[in-house]
Structures are given as C-alpha cells and as structure tokens.
Amino acid sequence: MTTLQTVFSKARAENRAALVGYLPAGFPTKEGAVAAATAMVEAGCDVIEIGLPYSDPLMDGPTIQDAVHRSLTNGTRIADVMRTVEGVAKSGAATLVMTYWNPIDQYGAGRFARDLANAGGVGTITPDLTPEESGTWLQESKDAGIDTVFLVAPSSTEDRIGKVAKICTGFVYAASLMGVTGARESVGSAAEGLVGRTRRHTSLPVCVGLGVGTGKQAAEVAAYADGVIVGSAFIRRLLDAPDEASGLASVRELAAELAAGVRR
Amino acid sequence: MSPTEAPILTAADLAGNGVYGDDPDGHGKFGVFGGRFVPEALIPALDQVAVEYEKAKNDEEFLREFDHLLRTYAGRPTTLTEVPRFAAHAGGARIVLKREDLTHTGAHKINNVLGQALLTRRLGKTRVIAETGAGQHGVATATAAALLGLECVIYMGAVDCERQALNVARMKLLGATVVPVTNGSQTLKDAINEAFRDWVTNVDRTHYLFGTVAGPHPFPEIVRDFARIIGVEARRQMIELTGRLPDAVAAAVGGGSNAIGIFHAFIGDEEVRLHGYEAAGRGLESGEHALTLTAGTIGVLHGSRTYVLQDDEGQTIESHSISAGLDYPGVGPEHAWLKDSGRATYHGVTDDEAMEAFALLARTEGIIPAIESSHALAGALKLGRELGPEATILVNLSGRGDKDMGTAMKYFNL
C-alpha cells in the first residue's frame, strides 16, 4: 500500500508536484471505474480519489453531477466503493475516498474507517464536514490509521485556515476558486495566495483542486502547490468517448499530459 | 399613537421567549440537531449573516423598518377567523384560523422574506437568490427584491415549475429570473442544491434568502425569528377572542417555517398541544410521501442534521406530495428537536385528506386555502373529533389556494 507520505516525499525528491486524479465509483460502470483509474495511474497519477456517489452533491458542477447520477443509476453501493478502492490501490496509487458526510454517518463512522483501511484506502476527503462537526470522524480515522483531508477556500479567514489545517493529515486541499467542481478556462488567481496563507499554518503538503483540466494549468499550479487535483476533466473524457476502449485511451492521454505538466 | 402606528413587533418578539432552551447554542444546535455541514467556502458567508443578524435584531432602526414593512406592506397584523361551519365536521370543536393567506403575496413566506431582504441590504449585497417549491417563497422573494431594488434569481424544480405555472409567471412579472432545475427529482431539494451552488460561486455580492427553517446555521434561527410574528400575534388574539389559550395549535410541515412561526410563541405554554401535519402523499405504505419526521431517520441534508427520508446508506429518497410546498425529504432541525423532546407531535395527512379539507373549507366558509395549509385543516378535523366539542384549535392558514387551482381542476374535474 502506497501512503500519501510516500507519494509526497517521492514527488519532492523529484522536484515536482504530485498528480491527483478523481473518479466516482461506479462510473462509467463498476468495473470501468477501476479500469479508468488504473489507466490514470499507469499514465502518471500518484494519488486517486474515488468519489462516493451521493444523491445531493451540492458542491459539484454539472460534469460530476452527471457521472454521479449515472453511477447511482448503476446501483452503486458503499460495498462497491470499497471494492473500487481495493482494485485501484493494487495499481500502486495512494487511494482515497472523497465523500459528503451523510453516507459515512449512516454507514457508521467506525465501520467506514475500518472497511476503507481494509480495502487498502489511505484516507478520506470530506468537503462538507467542518472542524466543529469532525470530532468523531477524526477519532475513528486515527484508530483505523487513515488520513483525514479537509478543504480550505479563497474565502477562508486565517482563523478558519488554522482550524482546518490542524485537523488535516496527509495533505490540505485548497479550493482554487469560489465555486463548484468543473474544468475552467483558467485556474483561479486566488489559488496561489491561498496556498501561501495555508503554508503559514501547516507543514503538510498543500494540493490545489477545482478548475484544473490541462497540462498547462497543471504546470502553473505545480509551480506553487505540492499537488494538482483533477476530476471533471477526466470525467468529461469518459462521458464524451463513444466506447469504453476509447474512453480509457482518452483518460490515459490526459493523465500523461497532466503528468508532464506537473514535471515542467 | 393611533392603532396603525402601534408597533406590532418588539426586539423580544423577534428574539424569542428564551424558554425551553429553544435558542441555538452558538453552533446552531437544537439538541443534537442543526449545525453546519457545508463546504468551508461558505463558512465566512454564514458567519457574516449570523453576525449581522445579531446586530440587526438588537438595532431599533432595523426593528422599526421591519415593523413598518410588516404593517404597511405585508398587511399585518393578520386577522383570526373562526370557522363554525367547517368546525361542524370536526366534532363541534371550536376552530380558529390565523389568516396568513391574507398577507401580501398570499402566504406566510412574506414575513421572513422582508426581514432577510432588509438584512441583505445591511450585508451590503445587491443580489438575492432563493429556492422555491410551491413558488410562494419565490414570489415573496421576487416581491421584496422589486421593493428594495435587488437583483433576484429563483431556483425551482422543473416539476414544480409545471405544477405552479402561475407563480412562475408572477415571479417573472416581478422582474426575477426563474431557473428551472432539471437534475435529480426536479423538486425543492434539487432547487436547494442548485441555489447553494450559485451561492458558493457568487457569494461576494449575493445573499441566499433561505425560505424555510432548514439549512445550515444561522438559517433555522433567522427564518424562525422572522416568522415568529405569526404566533406572537395569534397568541394575543386568541386570548382576546376566547379569553384563554387554545388547547391545540395545528400547522402543516414541509421544511417547517409556517409551523415554527405559529408554534414558537406557544412553546412555553405547556398546556397548549402543538401538532404538525406532514404530507403522507399516497400513504406511508405506498412509499410516495413526505413523512420526514414520522417515517424518516436522523441524518444530514442541506447542511443540517435533522430527520431525512433516506436509505440505509444515506442516499436521499425522493418525497411525494400533491402540494409542492410540502414535497421535501428533509425538515427544519428545530422540528426534529421538538419531536424528540416530545413538545410537539407530528402526523401524516394524505393527498386525498388534504384535498377533502381544501374543498370543505371552500364550501363551508368561502375560503380557498393553499393545499399546503389544507394538510393542517385536515389535521384539525381529526384533532377536533379526538379532543371533543369543548376544545379550541388554532390552525395556521399559511397561504391561499389561488396558485393551486390547476391542481384542483385536475383533482376535482372542475
């Protein structure tokens, strides 16, 4: 099992940023998600975030909403998410689950943390779990030996950045802009400032996500962040592909482009 | 001071009566319910709203302005109407309606909207967004935006746009942009998701004028306080009319704003029973209902811990009700807390029962109620038979039924 710590020290040693890719479990199919994520890893992703599909994804833009809707229509359950993690972890990437809080809460925090660790997962990203509500999850994650990643945003005050950074392990997720997930023409100008502000509160790696979709953007972000997170752009490739084989080829191509970007 | 100048609202009215531990603890918790489960990006905006509201509610100038709008624009105080011909079908119990249907725009939603629109101005924001189910909150928000010169965007499920077409036209006429939401169940819950997405993107200049007592802190508290006037007036008026407090207060519950609005002033009166009526749709067994408090489980939806209609893995289950305003798989956290503490009790009323009460009030009293409010009326009919002829029941007639004529024409083959 590859840990986040291993990933970031390796990237640092190679004087580059890490590449983090996101895909929801069960999309385009249950097996297809493992195949796509594996292709992403083979082409250069260091970390994979497996999204846990949720019925009310209020911080996701249309692309992820579409993928998640298809996944839920495919009947994806948490057991499938765990199986996906297991499959992807075998590829050698550090594998996390990104999820809204309610599914963990209903599954049982302790059970979720243990099952994820047993599947080879190394942590979670929980975008709607605030420091005030995170007590149980921090304890259960610690007991299971998995990392807890939370988000800071351009709007975050120093006080909030401090509070969030304090409960993060593995890395801190810096949202590049105010908005929902989705590839954009340009990465928010606020991102670099936010990474700088976050570094004053933590020695953990800081990764930037939201709006990154090209090799050029990845290179821009890699100049100041420890990791570059890409989600919607991969999903877009799969949505636009006429069949599974060309979808795989397409995500592989994008991962390679991004991997070159973080090495520029 | 002439009667029209007498203030109808004081700081104490707004801030609540402080009994029964009913005020959020600073993290916005009602017992284990409430709180904030939102992206970190929204925390500063929620903090800003909370801080500004704390200042506003103790600011005489703000209170005076709100009071002025409630009196001269919304048409408060609203009257009570006793409905003996309707009550004859309720075992002879006395039934008294609080006439929120007589407010400007036709429903209780105007109270909260005027308060939050004034708050928007204090926040220095120029744009308001809102979700709407039945369209009443959307219409009220578009109205207040027109009044105060704010840009206004309303998110409404595509299904609701169709069943409440009249309200869509009203919002457009008032200058609002109405965005039909076509994802998920295409109803209120999806409209809320979409409004949150807009808010996180445009939060610098935008206030999310939340329409019910759900959502992340401080919305459940603010919306309740601005709706509290319903119960504050009704409590005083009931004593004037009947010489005592009612035996029971009945209200419909979707998200729960009209119910909290009329319940809250009575929470300290332990002899007054508080009854909320949720939409049982086609019945509990059919699975097509909005019985969040009656049949849901505790979870997180739209930023708040509360009762939710969800499966065993936390996926929200789509609700159903003939009334768009009650068609919501969540509920305000304060209702969750009132339920668990036993202070209020919640029951289901089916589509058919609601429509029967809808028609009955029209025929016996010449009042066409909103289908939402008809759930409370149907509840009062049952309650009257249960409590007997000595009982007095106060019902929140939260809105009028003009908007529902399309549904009624179909249902009754009119």
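Glycine is no exception: its Cβ is also placed from the backbone N, Cα and C atoms.
Annotated in TrEMBL:
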ACT_SITE  A:Glu49  active site, proton acceptor
ACT_SITE  A:Asp60  active site, proton acceptor
Worksheet entry | Spatial separation of A:Glu49 (active site, proton acceptor) from A:Asp60 (active site, proton acceptor) - C-alpha basis, Å | 15
Worksheet item: Does A:Glu49 (active site, proton acceptor) have same-chain partners at least 6 apart in sequence with Cβ under 8 Å from its own Cβ, and which are they?
Response: A:Val20, A:Gly21, A:Tyr22, A:Leu23, A:Thr95, A:Leu96, A:Val97, A:Met98, A:Ile125, A:Ile229, A:Gly231
Item to complete: State the three-class DSSP label for A:Asp60 (active site, proton acceptor), counting H, G and I as helix, E and B as strand, and everything else as coil.
Response: coil
